[in-house]
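Each remark here refers to the structure printed beneath this line.
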(Lines of atoms letter the chains of each structure in order from A and count residues from 1; the text may use other names and numbers.)
(Lines give C-alpha, C1' and ligand atoms only; values in the text may rest on other atoms or scores of the structure.)
Protein backbone atom coordinates (compact mmCIF):
# COMPACT_ATOMS: atom_id res chain seq x y z
CA UNK A 1 0.00 0.00 0.00
CA UNK A 2 1.34 3.44 -0.96
CA UNK A 3 2.32 5.89 1.80
CA UNK A 4 -0.65 8.20 1.13
CA UNK A 5 -3.13 5.33 1.14
CA UNK A 6 -1.55 3.96 4.31
CA UNK A 7 -2.02 7.30 6.08
CA UNK A 8 -5.68 7.44 5.00
CA UNK A 9 -6.21 3.85 6.14
CA UNK A 10 -4.63 4.53 9.55
CA UNK A 11 -6.67 7.72 10.09
CA UNK A 12 -9.90 5.91 9.20
CA UNK A 13 -9.03 3.08 11.58
CA UNK A 14 -8.44 5.58 14.40
CA UNK A 15 -11.81 7.27 13.71
CA UNK A 16 -13.58 3.90 13.68
CA UNK A 17 -11.84 2.84 16.90
CA UNK A 18 -12.92 6.01 18.72
CA UNK A 19 -16.49 5.62 17.44
CA UNK A 20 -16.54 1.97 18.57
CA UNK A 21 -15.38 2.84 22.07
CA UNK A 22 -17.62 5.86 22.66
CA UNK A 23 -20.73 4.41 21.01
CA UNK A 24 -20.63 1.04 22.73
CA UNK A 25 -19.74 2.52 26.12
CA UNK A 26 -22.90 4.60 25.71
CA UNK A 27 -24.93 1.48 24.87
CA UNK A 28 -23.67 -0.37 27.96
CA UNK A 29 -24.34 2.65 30.16
CA UNK A 30 -27.81 3.16 28.63
CA UNK A 31 -28.88 -0.44 29.24
CA UNK A 32 -27.61 -0.30 32.81
CA UNK A 33 -29.20 3.10 33.48
CA UNK A 34 -32.61 1.98 32.24
CA UNK A 35 -32.50 -1.17 34.37
CA UNK A 36 -32.82 -3.30 31.24
CA UNK A 37 -30.14 -5.79 32.30
CA UNK A 38 -32.95 -7.72 33.98
CA UNK A 39 -34.25 -8.61 30.51
CA UNK A 40 -32.51 -11.45 28.61
CA UNK A 41 -32.41 -9.69 25.24
CA UNK A 42 -30.56 -6.72 26.70
CA UNK A 43 -28.04 -9.03 28.36
CA UNK A 44 -27.16 -10.27 24.87
CA UNK A 45 -27.11 -6.71 23.49
CA UNK A 46 -24.60 -5.79 26.22
CA UNK A 47 -22.51 -8.85 25.29
CA UNK A 48 -22.47 -7.67 21.68
CA UNK A 49 -21.62 -4.12 22.79
CA UNK A 50 -18.70 -5.39 24.89
CA UNK A 51 -17.33 -7.30 21.89
CA UNK A 52 -17.72 -4.21 19.70
CA UNK A 53 -16.08 -2.01 22.35
CA UNK A 54 -13.10 -4.37 22.51
CA UNK A 55 -12.78 -4.22 18.73
CA UNK A 56 -12.24 -0.46 19.06
CA UNK A 57 -10.15 -0.56 22.23
CA UNK A 58 -8.00 -3.62 21.51
CA UNK A 59 -8.36 -5.22 18.08
CA UNK A 60 -8.07 -2.14 15.85
CA UNK A 61 -5.04 -0.60 17.65
CA UNK A 62 -3.23 -3.94 17.59
CA UNK A 63 -4.15 -4.54 13.94
CA UNK A 64 -2.77 -1.14 12.94
CA UNK A 65 0.35 -1.58 15.06
CA UNK A 66 1.36 -5.00 13.76
CA UNK A 67 0.30 -4.66 10.11
CA UNK A 68 3.84 -5.11 8.85
CA UNK A 69 5.11 -2.28 11.05
CA UNK A 70 6.90 -4.16 13.83
CA UNK A 71 8.93 -7.31 14.38
CA UNK A 72 7.69 -9.52 17.21
CA UNK A 73 7.74 -13.19 18.10
CA UNK A 74 5.73 -15.58 15.95
CA UNK A 75 3.45 -16.60 18.81
CA UNK A 76 3.00 -12.99 19.91
CA UNK A 77 1.77 -12.13 16.43
CA UNK A 78 -0.38 -15.27 16.38
CA UNK A 79 -1.98 -14.38 19.72
CA UNK A 80 -2.83 -10.85 18.55
CA UNK A 81 -4.37 -12.20 15.35
CA UNK A 82 -6.42 -14.75 17.29
CA UNK A 83 -7.83 -12.03 19.56
CA UNK A 84 -9.40 -10.37 16.50
CA UNK A 85 -11.00 -13.70 15.52
CA UNK A 86 -12.29 -14.28 19.07
CA UNK A 87 -14.06 -10.90 19.10
CA UNK A 88 -15.67 -11.66 15.73
CA UNK A 89 -16.88 -15.02 17.00
CA UNK A 90 -18.22 -13.40 20.19
CA UNK A 91 -20.24 -10.99 18.04
CA UNK A 92 -21.65 -13.84 15.94
CA UNK A 93 -22.64 -15.87 19.00
CA UNK A 94 -24.21 -12.85 20.70
CA UNK A 95 -26.27 -12.19 17.56
CA UNK A 96 -27.30 -15.85 17.49
CA UNK A 97 -28.33 -15.70 21.16
CA UNK A 98 -30.42 -12.61 20.42
CA UNK A 99 -32.15 -14.35 17.49
CA UNK A 100 -32.92 -17.49 19.53
CA UNK A 101 -34.20 -15.33 22.41
CA UNK A 102 -36.54 -13.43 20.05
CA UNK A 103 -37.72 -16.72 18.54
CA UNK A 104 -38.59 -18.19 21.94
CA UNK A 105 -40.46 -15.05 22.99
CA UNK A 106 -42.70 -15.38 19.94
CA UNK A 107 -42.95 -19.18 19.72
CA UNK A 108 -43.63 -19.94 23.42
CA UNK A 109 -44.38 -16.54 25.04
CA UNK A 110 -46.06 -17.86 28.20
CA UNK A 111 -43.54 -20.61 28.91
CA UNK A 112 -40.72 -18.19 28.10
CA UNK A 113 -41.83 -15.70 30.76
CA UNK A 114 -42.22 -18.45 33.35
CA UNK A 115 -39.09 -20.49 32.63
CA UNK A 116 -36.36 -18.17 31.33
CA UNK A 117 -34.57 -16.43 34.21
CA UNK A 118 -31.83 -13.82 34.26
CA UNK A 119 -29.27 -16.38 35.42
CA UNK A 120 -29.99 -18.42 32.28
CA UNK A 121 -29.25 -15.40 30.09
CA UNK A 122 -25.89 -14.71 31.73
CA UNK A 123 -25.02 -18.41 31.48
CA UNK A 124 -25.68 -18.21 27.73
CA UNK A 125 -23.49 -15.08 27.51
CA UNK A 126 -20.66 -16.92 29.28
CA UNK A 127 -21.09 -19.88 26.93
CA UNK A 128 -20.96 -17.54 23.90
CA UNK A 129 -17.63 -16.08 25.00
CA UNK A 130 -16.17 -19.45 25.99
CA UNK A 131 -17.08 -20.94 22.60
CA UNK A 132 -15.70 -17.86 20.83
CA UNK A 133 -12.40 -18.26 22.70
CA UNK A 134 -12.10 -21.95 21.79
CA UNK A 135 -12.83 -21.34 18.10
CA UNK A 136 -10.77 -18.14 17.86
CA UNK A 137 -7.65 -19.54 19.52
CA UNK A 138 -7.66 -22.76 17.46
CA UNK A 139 -4.64 -21.59 15.37
CA UNK A 140 -2.49 -21.45 18.52
CA UNK A 141 -2.91 -25.22 18.93
CA UNK A 142 -1.35 -26.02 15.58
CA UNK A 143 -3.41 -24.67 12.67
CA UNK A 144 -0.97 -21.88 11.82
CA UNK A 145 1.84 -20.95 9.41
CA UNK A 146 4.72 -21.90 11.70
CA UNK A 147 7.25 -23.47 9.31
CA UNK A 148 10.68 -22.58 10.69
CA UNK A 149 12.54 -22.15 13.95
CA UNK A 150 12.77 -18.38 13.40
CA UNK A 151 11.11 -16.82 16.46
CA UNK A 152 10.94 -13.20 15.22
CA UNK A 153 8.86 -12.10 12.22
CA UNK A 154 7.42 -8.98 10.62
CA UNK A 155 3.89 -9.40 11.91
CA UNK A 156 0.92 -9.44 9.55
CA UNK A 157 -2.33 -11.37 9.94
CA UNK A 158 -1.81 -13.78 7.04
CA UNK A 159 1.81 -14.37 7.99
CA UNK A 160 0.61 -16.44 10.94
CA UNK A 161 -3.03 -17.37 10.13
CA UNK A 162 -3.48 -19.82 7.21
CA UNK A 163 -6.03 -18.83 4.58
CA UNK A 164 -7.38 -22.39 4.78
CA UNK A 165 -8.35 -21.74 8.42
CA UNK A 166 -9.98 -18.40 7.57
CA UNK A 167 -12.10 -19.87 4.77
CA UNK A 168 -12.81 -23.52 5.52
CA UNK A 169 -13.12 -23.18 9.31
CA UNK A 170 -13.78 -19.56 10.27
CA UNK A 171 -16.05 -18.65 7.34
CA UNK A 172 -17.73 -21.83 6.08
CA UNK A 173 -18.00 -23.56 9.48
CA UNK A 174 -18.20 -20.82 12.15
CA UNK A 175 -19.68 -17.74 10.46
CA UNK A 176 -21.92 -18.79 7.58
CA UNK A 177 -24.04 -21.48 9.36
CA UNK A 178 -25.02 -19.17 12.29
CA UNK A 179 -25.93 -16.40 9.83
CA UNK A 180 -28.17 -18.79 7.87
CA UNK A 181 -29.79 -20.01 11.10
CA UNK A 182 -30.39 -16.43 12.26
CA UNK A 183 -31.93 -15.48 8.91
CA UNK A 184 -34.32 -18.45 9.10
CA UNK A 185 -35.26 -17.59 12.70
CA UNK A 186 -36.06 -13.97 11.88
CA UNK A 187 -38.13 -15.03 8.84
CA UNK A 188 -40.10 -17.36 11.11
CA UNK A 189 -40.49 -14.63 13.75
CA UNK A 190 -41.92 -12.14 11.27
CA UNK A 191 -44.26 -14.75 9.75
CA UNK A 192 -45.54 -15.74 13.20
CA UNK A 193 -46.05 -12.12 14.26
CA UNK A 194 -47.82 -11.35 10.97
CA UNK A 195 -50.23 -14.24 11.53
CA UNK A 196 -50.93 -13.15 15.11
CA UNK A 197 -51.56 -9.53 14.13
CA UNK A 198 -53.97 -10.62 11.40
CA UNK A 199 -56.19 -12.08 14.10
CA UNK A 200 -55.04 -15.62 14.71
CA UNK A 201 -56.78 -18.02 17.07
CA UNK A 202 -57.07 -16.71 20.60
CA UNK A 203 -55.73 -13.27 19.77
CA UNK A 204 -56.71 -10.40 22.09
CA UNK A 205 -55.98 -6.70 22.29
CA UNK A 206 -53.35 -7.44 24.94
CA UNK A 207 -51.65 -10.13 22.86
CA UNK A 208 -51.77 -7.90 19.78
CA UNK A 209 -49.96 -5.15 21.69
CA UNK A 210 -47.38 -7.72 22.80
CA UNK A 211 -46.73 -8.84 19.22
CA UNK A 212 -46.54 -5.27 17.93
CA UNK A 213 -43.84 -4.59 20.52
CA UNK A 214 -42.04 -7.80 19.57
CA UNK A 215 -42.23 -6.87 15.89
CA UNK A 216 -40.58 -3.49 16.46
CA UNK A 217 -37.71 -4.90 18.51
CA UNK A 218 -37.24 -7.88 16.18
CA UNK A 219 -37.06 -5.49 13.20
CA UNK A 220 -34.33 -3.48 14.91
CA UNK A 221 -32.29 -6.57 15.79
CA UNK A 222 -32.76 -8.05 12.32
CA UNK A 223 -31.31 -4.79 10.97
CA UNK A 224 -28.27 -5.30 13.23
CA UNK A 225 -27.84 -8.78 11.73
CA UNK A 226 -28.20 -7.44 8.18
CA UNK A 227 -25.54 -4.80 8.81
CA UNK A 228 -23.22 -7.43 10.28
CA UNK A 229 -23.61 -9.54 7.13
CA UNK A 230 -23.13 -6.53 4.85
CA UNK A 231 -19.94 -5.50 6.66
CA UNK A 232 -18.31 -8.92 7.08
CA UNK A 233 -19.28 -10.92 3.99
CA UNK A 234 -17.26 -8.81 1.48
CA UNK A 235 -13.97 -9.55 3.28
CA UNK A 236 -14.70 -13.28 3.54
CA UNK A 237 -15.83 -13.44 -0.08
CA UNK A 238 -12.60 -11.75 -1.18
CA UNK A 239 -10.60 -14.24 0.90
CA UNK A 240 -12.44 -17.10 -0.80
CA UNK A 241 -11.88 -15.68 -4.29
CA UNK A 242 -8.19 -15.10 -3.52
CA UNK A 243 -7.75 -18.64 -2.17
CA UNK A 244 -9.63 -20.60 -4.83
CA UNK A 245 -9.61 -18.53 -8.02
CA UNK A 246 -7.65 -15.32 -8.65
CA UNK A 247 -5.84 -12.45 -6.97
CA UNK A 248 -7.81 -9.62 -5.37
CA UNK A 249 -6.30 -6.09 -5.28
CA UNK A 250 -4.66 -5.29 -1.95
CA UNK A 251 -6.58 -2.02 -1.60
CA UNK A 252 -9.85 -3.97 -1.90
CA UNK A 253 -8.79 -6.07 1.08
CA UNK A 254 -8.10 -2.94 3.12
CA UNK A 255 -11.55 -1.59 2.25
CA UNK A 256 -13.02 -4.90 3.40
CA UNK A 257 -11.07 -4.70 6.67
CA UNK A 258 -12.28 -1.14 7.29
CA UNK A 259 -15.85 -2.22 6.57
CA UNK A 260 -15.62 -5.14 9.00
CA UNK A 261 -14.25 -2.89 11.74
CA UNK A 262 -16.87 -0.22 11.02
CA UNK A 263 -19.60 -2.74 11.83
CA UNK A 264 -18.67 -2.43 15.50
CA UNK A 265 -19.43 1.31 15.34
CA UNK A 266 -22.83 1.18 13.59
CA UNK A 267 -24.84 -0.82 16.14
CA UNK A 268 -25.08 2.07 18.65
CA UNK A 269 -26.55 4.22 15.85
CA UNK A 270 -29.20 1.56 15.13
CA UNK A 271 -30.10 1.33 18.82
CA UNK A 272 -30.40 5.13 19.02
CA UNK A 273 -33.13 5.20 16.37
CA UNK A 274 -34.81 1.82 16.88
CA UNK A 275 -34.72 0.70 20.54
CA UNK A 276 -36.84 2.98 22.78
CA UNK A 277 -35.14 2.20 26.11
CA UNK A 278 -31.68 2.92 24.73
CA UNK A 279 -32.96 5.95 22.81
CA UNK A 280 -34.39 7.44 26.03
CA UNK A 281 -31.07 6.94 27.81
CA UNK A 282 -29.23 8.61 24.91
CA UNK A 283 -31.53 11.63 25.18
CA UNK A 284 -30.86 11.79 28.93
CA UNK A 285 -27.10 11.85 28.26
CA UNK A 286 -27.46 14.55 25.62
CA UNK A 287 -29.50 16.73 27.96
CA UNK A 288 -26.80 16.44 30.62
CA UNK A 289 -24.08 17.13 28.05
CA UNK A 290 -25.76 20.32 26.81
CA UNK A 291 -25.59 22.79 29.73
CA UNK A 292 -26.93 25.67 27.62
CA UNK A 293 -30.12 23.81 26.92
CA UNK A 294 -30.44 22.81 30.57
CA UNK A 295 -29.93 26.41 31.70
CA UNK A 296 -32.65 27.56 29.30
CA UNK A 297 -34.99 24.93 30.71
CA UNK A 298 -34.13 26.00 34.28
CA UNK A 299 -34.74 29.65 33.37
CA UNK A 300 -38.05 28.77 31.74
CA UNK A 301 -39.20 26.80 34.77
CA UNK A 302 -38.07 29.63 37.07
CA UNK A 303 -40.03 32.15 34.97
CA UNK A 304 -43.12 29.97 35.20
CA UNK A 305 -42.68 29.70 38.97
CA UNK A 306 -42.24 33.49 39.28
CA UNK A 307 -45.33 34.10 37.18
CA UNK A 308 -47.24 31.66 39.34
CA UNK A 309 -46.06 33.43 42.49
CA UNK A 310 -47.00 36.84 41.04
CA UNK A 311 -50.47 35.63 40.16
CA UNK A 312 -50.91 34.20 43.66
CA UNK A 313 -49.82 37.48 45.26
CA UNK A 314 -52.14 39.50 43.01
CA UNK A 315 -55.06 37.27 43.91
CA UNK A 316 -54.28 37.62 47.60
CA UNK A 317 -54.13 41.44 47.35
CA UNK A 318 -57.41 41.56 45.47
CA UNK A 319 -59.07 39.43 48.13
CA UNK A 320 -57.74 41.76 50.86
CA UNK A 321 -59.05 44.88 49.10
CA UNK A 322 -62.48 43.32 48.64
CA UNK A 323 -62.70 42.47 52.31
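Each residue, glycine too, has its Cβ placed from N, Cα and C.
Please treat TrEMBL annotations as automatic predictions, because they have not gone through curation.
Predicted, not measured: the structure shown is a model, and the values here were computed from it.
Over in TrEMBL, the protein carries these features:
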type: TRANSMEM; residues: 12-32; note: transmembrane segment
type: DOMAIN; residues: 23-271; note: domain 'G-protein coupled receptors family 1 profile'
type: TRANSMEM; residues: 44-66; note: transmembrane segment
type: TRANSMEM; residues: 72-100; note: transmembrane segment
type: TRANSMEM; residues: 121-143; note: transmembrane segment
type: TRANSMEM; residues: 217-235; note: transmembrane segment
type: REGION; residues: 296-323; note: region 'Disordered'
type: COMPBIAS; residues: 306-323; note: compositional bias 'Low complexity'
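Remote same-chain residues near the transmembrane segment (121-143) are listed as 40, 43-44, 47, 75, 78-79, 81-83, 85-90, 92-94, 96-97, 101, 160-162, 165, 169-170, 174 (criterion: CB distance under 8 Å, separation of at least six residues from the stretch ends).
Averaged over the domain 'G-protein coupled receptors family 1 profile' (23-271), the predicted model reaches a pLDDT of 85.
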